[in-house]
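Colleague: Right, I'll just put the structure down here and ask away after.
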Amino acid sequence: MVGVKGPRYRWGLLMGGALIAVFLAVAMTSRTAPMIALFGRTNKPCPCANDTPKYSGMVEGCCCDYETVDRLNEEVLYPSLQELVKTPFFRYFKAKLWCDCPFWPDDGMCRLRDCSVCECPDNEFPESFKKPHILSSEAFVCQEGKPQATVDRTLDRKAFKGWTEIDNPWTNDDETDNAEMTYVNLQLNPERYTGYTGPSARRIWDAVYSENCPKHPSEELCQEERILYKMISGLHSSISVHIAADYLIDEAKNLWGQNLSLLYDRVLRYPDRVRNLYFTYLFVLRAVTKATEYLEHAEYDTGNLNEDLKTQSLMKQMLFNSKLQAACPLPFDEAKLWKGQKGPELKQQIQKQFRNISALMDCVGCEKCRLWGKLQVLGLGTALKILFSGDDHQEHLGLDLQRNEVIALMNLLNRLSESVKFVHEVGPSVETTMEGQIAATITESCPFHRMWASIFNS
């Protein structure tokens, strides 16, 4: 029996010694080489993992790759759009801001204190846009609730000239009903954190996804259904990015800054949400480029000749930029959609679903969130109208946009441009930091991980 145990015992010692030697070798080389992941722990990213960007290749469903999008956005679109949306023509947006929710009218959502509305003084309105009815005294209560959620309605009375007003078939609002519309200076009401959170806000997005979009996209879905989902998801991601990028850090001190953990939790930790943001950006960009001739010759008339000429010049510079035309001439190919016998029926179905999403914006309990929700959904509806209305072989012929649609379209593209830029610039470092913190938390909470950490950090 002794002769049997002896060799096995010696073999076990040899194997144990070999394992210890291997681990010691790894520990010694780790002092000069990157730490590798053992048992779920990662101290430093392996350089080879950084050779290939996380988002590379073609944006799914589009005709442009991530690297090109980031470069064009940085060099061409972002600076052009930033300047364009500050002009008098694109600064003002018309919207119905008080609640008229068609889905749950009796839950008191619209009586939230953050929902208070203060109308412009009567003398700030152009005569043709004054409301015929008298407002109640409650409508002037602006200081209640969170001030960051209230819309500033200071206006330039010279900024309005009438365009032909027609309803957008993709959206729910009656765009021709001036009696119910309020004019808002978007520069005074940036899209950012408003304090609108909790069940009320979640209810909106739950309704958007569960009732109008497939909750979990799969290969079984047709291309048009996947596009609707990706488009709404991309818009949702962009809104979350703006909340995180301009967040109220300290309400008592009115201190604003970036909430990068929120950015990670809501967007960056889900790669599909980032991909859908890029998709929506390219989808809207395609609508803008398809409407080039219309937008080039539109009358950007606000009564200020110099500013109006500047607006038209900025628009042309962006539309005819040689870098944009060479690098990404067709951001999205809409000609592939609505094919086959069921094409018209499917188009009506998607249009109905998008109209429902548009109607849900009236159920948003925060006034400023409702403003930007309505603007961006109208922007998407305008993109859909440009891409899928009329004869695809006659790009601009028959296209008839109203002023509010053009304003919504370009402001939406600017919002998406800002989101893409922010994610591209801070995303990698935020992901590295947050994932490192998560790994560290796991290590600290697990004795087995702490034991290995002591070996490789010694």
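Quick reminder: no glycine exception, Cβ is built from N, Cα and C everywhere.
Pulled these from TrEMBL:
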- CYS366: active site, nucleophile (ACT_SITE)
- CYS369: active site (ACT_SITE)
- ARG192, THR194, TRP205, SER233, HIS236, ARG266: FAD binding site (BINDING)
- CYS110-CYS115: disulfide bond (DISULFID)
- CYS366-CYS369: disulfide bond (DISULFID)
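Buried or exposed, and what's around them? Tell me for each listed feature.
Modeller: Other C-beta atoms found within 10 angstroms of the C-beta of CYS366 (active site, nucleophile) number 26, with every protein chain shown included.
For ARG266 (FAD binding site), the same-chain residues 6+ apart in sequence whose C-beta sits under 8 angstroms from its C-beta are SER237, SER240, ILE243, ALA244, ARG273.
Its Cβ taken as reference, CYS369 (active site) is surrounded by 23 other Cβ atoms within 10 Å in the chains shown.
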Colleague: At a 10 A cut-off on CB-CB distances, which of the binding-site residues ARG192, HIS236 has the highest count?
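Modeller: The largest 10 Å Cβ neighbour count belongs to HIS236.
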Colleague: Could you state the CA-to-CA distance between THR194 (FAD binding site) and CYS369 (active site) to the nearest Å?
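Modeller: One finds 8 Å between the Cα atoms of these residues.
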Colleague: If the FAD binders are ARG192, THR194, TRP205, SER233, HIS236, ARG266 per the record, what's the largest distance between their Cα atoms, in Å?
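Modeller: The two farthest binding residues have Cα atoms 21 Å apart.
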